[in-house]
There are 2 protein chains.
Amino acid sequence: MVAKRTVSEVGEFGLIGRFTEGRVQPVSTLLGPGDDAAVVAAPDGRVAASTDVLVAGVHFRLDWSTPEQVGRKAAAVNLADVAAMGAVPTALLVGLGCPPDLPADVAEQVAAGLWAEASRVGAGVVGGDVVSAPALVVSVTVLGDLRGRAPVTRAGASAGEVLALAGRTGWAAAGLALLAAGRETPPGPVAAQRVPEPPYRAGPAAAEAGATAMIDISDGLLADLGHIAEASGVGLDVRSSALPVPPELAEAAAELGADAVSWLLTGGEDHALAATFPADAALPDGWRVIGRATPGAAVTVDGEPYAGPAGWTHFT
Amino acid sequence: MVAKRTVSEVGEFGLIGRFTEGRVQPVSTLLGPGDDAAVVAAPDGRVAASTDVLVAGVHFRLDWSTPEQVGRKAAAVNLADVAAMGAVPTALLVGLGCPPDLPADVAEQVAAGLWAEASRVGAGVVGGDVVSAPALVVSVTVLGDLRGRAPVTRAGASAGEVLALAGRTGWAAAGLALLAAGRETPPGPVAAQRVPEPPYRAGPAAAEAGATAMIDISDGLLADLGHIAEASGVGLDVRSSALPVPPELAEAAAELGADAVSWLLTGGEDHALAATFPADAALPDGWRVIGRATPGAAVTVDGEPYAGPAGWTHFT
């Protein structure tokens, strides 16, 4: 049996060669990896940009996820951020910190996961940096194209508008609870924890359909709706009947003695999109009404404050 | 005496508030921090982008540098990358990994350093992410505006052209050797190790003057010239008489029993710019001829291979 080579043995330039070899860049990549900077098309004269960092032991565990899943998740959480502005992702840049004794294959599979997820939306991995670090760190910056539209911020909602959701909530939180309990079934939530499935195309579609405010649900539905409420100066009321408990979450909750409704309302990491639309707007495919914007200032469920932790914040 | 609050006590949103409060964004920042993504002007329909990561204990030490110097360095190494394409930096995005027990003041001063250096070139810190990590990690992505010019890559040099340098080499390496020996004098090289002084404006000026290839000297003059030689298919010969030893480097070398010429040729982290220009080009301010491009394929000094380590690579 041959010992696997470490990132230290393969070296910085060897790793970069492995990450970039054979990759096909989209046409929006005007200059790809290999120079001091990449050059990416920004056809309408603006670029949307966001950064999210994933750290081993904090955001993922290599005994719970494959390196390829880690790469896909790192890409997904970023791609969802530009989608939430109504933009179409064009490029990822990746800062990869690796312990020197990490098998080079692991780093390579993280890169493969980043590429796999980026390719789903037509984006390329256009550049990055590989450094030594005490833990595996995947810092991703995503660029996106607004296609001539105004960005859909958190600040445009008005009372009387409908509140809508694209994608799902509670699945990744249920998967985390299952993995923490040493379980791998039901498989749906576990898979959702390993790799989220953000509704990327629903972001630009919502912008096109006149969404007035939009956010990526990363920390939990109620917590992230709180950001729209605060930025827009509105209340947001979620109708619980619009969020039925899916069978797999009911099964997971029964197995763990947990509360599936709490997962739906406060679980993070699924990267659904929530948006407000004018009351008479025709919602695009993938969007469903889950409530409405009100004259208040709070996020409520069926008109009442929700009694429970609202979601995830770092360091607290 | 009051104990300083840690990042864990201040929390993610508290930290972001401290980082962003009172900052004045440049006009190129169409939408700053506080939403899912920032929006930055890209007036000519393209954006130059690059990522570099700095890790405590690898790229800096908090007992050698202040947090503000760490932030400035993290910005500088990135800003130099887009300058080396001939672009003008417009924006930084920052992924900041903090140990939970890090004093919040330290994180805040890193952010202040990032802002200070970005402001020198008219760029803003437009977004980022703050996460828990086992060591302080500063991952920066820089965006830049090419101002309608083609990017100056590493691949355009031809034999017969002049090789020129803007900025200095050897200073940061001398400073590192001094700090490792427990010395803080001479002060010039020590300061250069803590915060490089890349010649940002020399990059776009070189592009305007017709530079055919350009690179940021991050790993060492000879090592990085090797990238131009390889990408362009030329040799590059450095004239040693064009790189006189500055008095402060001579003093540092004498104190440490080190070789100042080796610092000049192979020391990294000063982020000078090297470029090739047509033989008849008028070099812009800040640029001086240090050699020429030749029909060969190697980087040489006075026509001979240099006997010594060529520069820094990670993991080796």
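Heads up, the Cβ atoms here are built off N, Cα and C, so glycines get one too.
Of the listed candidates (B:D44, B:D63, B:D81), TrEMBL assigns B:D81 to the same Mg(2+) 4 site as B:D36, B:S50. DSSP classifies B:S50 (Mg(2+) 4 binding site) as strand under the three-state reduction.
The separation of B:T51 (Mg(2+) 1 binding site) from B:D216 (Mg(2+) 3 binding site), Cα to Cα, is 13 Å. Of all Cβ atoms in the shown protein chains, 23 besides its own fall within 10 Å of the Cβ of B:E269 (substrate binding site). For the binding-site residues B:S50, B:T51, B:S218, the ranking by surrounding Cβ atoms (within 10 Å, all protein chains) places B:S50 first.
A gap of 13 Å separates the Cα atoms of B:G128 (ATP binding site) and B:T51 (Mg(2+) 1 binding site). The subset of binding-site residues B:S218, B:D219, B:E269 lying near chain A, with Cβ atoms under 8 Å apart, is empty. Each of the binding-site residues B:D52, B:D219 was scored by other CB atoms within 10 A of its CB, and the lowest score goes to B:D219.
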